[in-house]
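Chemist: Pulled the feature table from TrEMBL, pasting it below:
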TRANSMEM  12-33  transmembrane segment
TRANSMEM  88-108  transmembrane segment
DOMAIN    113-261  domain '3-oxo-5-alpha-steroid 4-dehydrogenase C-terminal'
TRANSMEM  114-139  transmembrane segment
TRANSMEM  151-170  transmembrane segment
TRANSMEM  208-231  transmembrane segment
Amino acid sequence: MSPPPSMQCIPSLVLALSSLLGALALLQLSLYLRVPSRYGKHEERLCGPRGRLPARCAWFLQELPSFLVPALLLALRSPPRLEPLGCRLLCCLFCWHYFYRTFIYPFFTRGRPFPLQLLFFGTLFCVYNGFLQGYYLIYCAEYPNDWCTDIRFTSGLLLFLLGMGINIHSDLLLRQLRKPGEVTYKIPQGGLFTYVSGANYFGEIVEWFGFAIATWSLPAFAFAFFTLCCIGPRAYHHHRYYLKTFTDYPKSRKALIPFVF
Ligand code: NDX
């Protein structure tokens, strides 16, 4: 029996999916600049417990496709191709982040139950983006053999690692604000929270811009832009929430970018 035909790179598909991701980013910005996306501290109590899923379950289900889809694409690639080393490393970075977000973050979160409606859209988004990033890196990307020593790769990788470190550390600081079973909000302290209200978001944004520079690719820049448009406004709304809720909230703290905004 002959092996199934392998998927090919279709550059116009990459261009179309990346453009749509950019358009979704702008839609996201227009929807959530004035009004925050309704989960966590910005959720309006409109849906009862039946309209929500426990945070652990929700984050696991929502983020799983971002890990699974690129892994599946990799397994389906015949003959296997992830050369040169730079290309293999880049795909591993993406999967590494989503391994953390799928298999580690949800099991420690002390967050509130997550709305089913947003879970549905979030999962769709993760399938879409997992496919786009994985498909591009596994089937389309072409890098010279010395890409690992290129300034774009090295500086992007450094930014990615720095952002990921900030993101994971900030996630941990937020988690430590609550005892198990607690759902109240407190003033985050320490780490980059000393300077900004959205330290976890700042880390995530730096991380994906680092990834975009390291891959030097349209899909990754589109995703970094989406991340900025998705969690940038959320950081601003968190900041306003804190200023409104806590009279002793540090006045020098900014919303997203230390000392700037
Ligand atoms: N998930 C990315 N759009 C998103 C879910 C929502 O990973 O329809 C994007 C992601 C999705 C979104 C996803 C895509 C777009 C959607 C959107 C919903 C609508 C939107 C689908 C997929 C949409 C269109 C129209 C374009 C289709 O109780 P609690 O939960 O608030 O507790 C929190 C706790 N905490 C505190 N505890 C005590 N005291 C305090 N002061 C506290 N402040 C917070 O900490 C949580 O348990 C935890 C973290 O809370 P928070 O609000 O700071 O972060 P959160 O937004 O929950 O994100 C968690 C992590 C974070 O590290 C962030 O960087 C990363 O996930 N993230 C989140 C969102 C998107 C994303 C990354 C990305 O784009 N790369």
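Including glycine, each Cβ sits where the backbone N, Cα and C put it.
TrEMBL: automatically predicted annotations, no manual curation.
In the displayed structure, how are the listed features positioned relative to their neighbours?
Modeler: A Cβ distance under 8 Å defines the sequence-distant neighbours of the transmembrane segment (114-139), meaning residues of its chain 6+ beyond its ends; these are 7-9, 13-14, 17-18, 21, 24, 37-39, 43, 47, 51-55, 58-59, 61-74, 77, 81-82, 87, 90-91, 94, 98, 215, 217, 219-220, 222-223, 226.
For the transmembrane segment (208-231), same-chain residues at least 6 beyond its ends with a Cβ under 8 Å from one of its own Cβ atoms are 14-15, 17-19, 21-22, 24-26, 28-29, 32, 37, 90, 93-94, 129, 132-133, 136-137, 141, 152-153, 155-163, 198, 201.
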Chemist: Six or more residues out from either end of the transmembrane segment (88-108), which same-chain residues have a Cβ under 8 Å from its Cβ atoms?
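Modeler: For the transmembrane segment (88-108), the sequence-distant neighbours (Cβ-Cβ under 8 Å, at least 6 residues beyond its ends) are 55-60, 63-64, 66-67, 70-71, 74, 82, 130, 133-134, 137-138, 141, 148, 157, 160, 164, 168, 171, 175, 207, 211, 214-215.
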Chemist: Per DSSP, what is the residue count of the domain '3-oxo-5-alpha-steroid 4-dehydrogenase C-terminal' (113-261) in each of helix, strand and coil?
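Modeler: Reading the DSSP string over the domain '3-oxo-5-alpha-steroid 4-dehydrogenase C-terminal' (113-261) gives 102 helix, 4 strand, 43 coil.
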